[in-house]
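Annotation source TrEMBL lists repeat 'PPR' at 256-291, 292-326, 327-361, 362-396. Per TrEMBL, region 'Disordered' is recorded for 507-531. What TrEMBL records for 511-520 is compositional bias 'Basic residues'.
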Amino acid sequence: MSCAAIARKLTRTTQLLNFQRQYLSRAVSRSFSSSSFHIVSFSSAFHRTGLAHSQILSHVPYFVYYNRFSTKTIFEEFDINNEVAPLEKGLIDLVRQVSELESESESDAMVSLEESTFDLNNGSLYSLIWELRDEWRLAFLAFKWGERRGCDDQKACDLMIWVLGNHQKFNIAWCLIRDMFHVSRDTRKAMFLMMDRYAAANDTSQAIRTFDIMDKFKHVPDDEAFQGLLHALCRHGHIEKAEEFMLASKKLFPLDVEGFNVILNGWCNVWTDVTEAKRIWREMGNYCITPNEDSYSHMISCFSKVGNLFDSLRLYDEMRKRGFTPGVEVYNSLVYVLTCENCFGEAVKLVEKMKEETLKPDSVTYNAMIRPLCEQGKVEEARDVLATMISEKLSPTVDTFHAFLECVNFDQTLEVLGQMKVSCLGPKEDTFLLVLGRLFKKKQPENALKIWAEMGRFEVAANGALCLATVQGLLACGWLQKARETYLDMEAKGFPGSPKLQKLLKEQKVKGVRKSKRKDLQKVGSRGGYRGQRSVVYKNVSDRGKT
């Protein structure tokens with residue numbers, strides 16, 4: 001492997017580990033105009049009677065994301081249902097209290113849970129594990145309680161394996177899978193989840209090994225499982241490894257357009273690497289594999305993200321000439337790149353063309369126009385698009401609100417946050433990180449602290465990430481004392497500190513002391529100078545007297 005390839009791979013690994021931090025940095029680092037944003041009210045634009053709960057779309061660069069599979073079953077194998085039933089009040093607190101007993105005696109902990117008056121069933125067990133998903137020990141304790149009650153069904157087992165995989169407790173997860181196998185439960189989805197969680201933990205060799213040992217659990221490592229492994233590797237950024245494994249396995253799994261589409265989707269929509277996407281496109285030709293409509297969709301998505309309007313339209317025309325019918329995803333990509341390249345009128349016409357072709361624009365379609373318009377400072381046009389979106393009975397998404405949050409003043413920011421709460425779309429941690437970052441970037445620490453004080457009203461508790469972002473922002477704005485107070489308060493609450501930030505606080509403190517001493521010396525000097533200065537002056541005067 002060449003040095004350039006190694007460097008590229010190391011860079012991508014670093015990017016993958018810090019993906020969320022990179023997104024937030026991109027979100028708050030865009031340039032803003034301080035004088036051109038004037039909106040009378042957002043309430044009328046966002047208000048809609050009986051606003052439905054929107055599906056929260058994950059934010060990816062430029063709003064245009066496409067990650068569809070030819071086999072729907074593959075997607076379902078990785079899906080974890082987060083629609084949970086409400087829990088009885090006090091159930092989570094009970095598990096937390098009993099967990100302290102578990103360290104002394106597991107049997108005593110189980111007895112305490114069994115003696116409780118709570119009625120645990122399949123639905124409540126699933127909800128309980130989901131609510132405790134960030135604390136795997138508590139989630140596993142709840143799962144074992146569910147085993148005692150006989151309500152640990154297939155869904156609960158799969159969710160527990162997913163939780164354990166998230167925390168890289170793979171040995172415990174494998175024990176659970178073996179238990180499932182011994183009682184004749186289906187472990188196929190569990191194997192898919194393990195492949196996915198290993199890939200998320202950057203352990204690609206174990207992800208591949210999981211695929212290889214599927215037959216030990218009486219599952220055939222068939223084409224669907226093979227595609228699932230490729231997808232798991234690609235979705236977590238291991239696209240080169242997925243391509244390498246696909247080519248190495250071509251005798252058992254002949255190369256086809258579906259496999260190449262998974263790799264192509266990785267380069268187009270996970271990393272957005274146009275060079276690699278073009279290379280895969282050429283490789284498909286070298287292996288005599290004809291691109292299908294999904295292949296074109298991925299490439300158009302990739303070109304649109306980097307603002308390449310010419311190639312996006314060229315592939316769109318080529319796609320139609322070959323008899324493929326563009327789907328909503330293709331039109332969403334084109335709408336985005338047209339709006340980005342100041343062709344908003346053409347983007348609107350394209351949306352109308354979608355309707356003529358009996359394709360229904362979705363929330364992503366309108367968001368693909370709203371975000372570029374907000375970035376360009378064309379907020380009135382963005383509001384018009386939002387009004388059209390609502391008139392089409394489409395609910396705003398988190399991305400819709402985030403787009404407006406990046407271009408409004410402080411008072412309007414509070415209004416948009418209020419509309420998010422009314423729409424049951426937050427605001428959550430990522431929203432406040434975005435707002436705080438933007439205010440600190442605009443050197444408005446006083447407004448940032450007001451937002452910090454407002455978080456409780458939106459039921460968002462301060463956590464380590466929010467505290468660190470606030471301390472860093474206060475330091476950047478020169479508010480050293482407030483930054484130090486916030487950092488000490490963060491440590492007092494038990495949040496993990498940052499050695500780098502702590503060092504920076506000490507350096508700023510030393511600089512402040514030195515600056516204070518210089519000011520004191522300057523004051524003394526203005527009253528006749530300090531001792532050394534006066535002695536030099538007197539000596540010079542005496543020398544002149546001698547001459």
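Here, residue 1 is simply the first one shown, and the rest follow in order.
From the backbone N, Cα and C atoms, a Cβ is placed for every residue, glycine too.
Mapped onto DSSP classes, the repeat 'PPR' (256-291) shows 27 helix, 0 strand, 9 coil.
DSSP states for the repeat 'PPR' (362-396), grouped as helix (H, G, I), strand (E, B) and coil, give 26 helix, 0 strand, 9 coil.
Secondary structure counts, DSSP: the repeat 'PPR' (292-326) has 26 helix, 0 strand, 9 coil.
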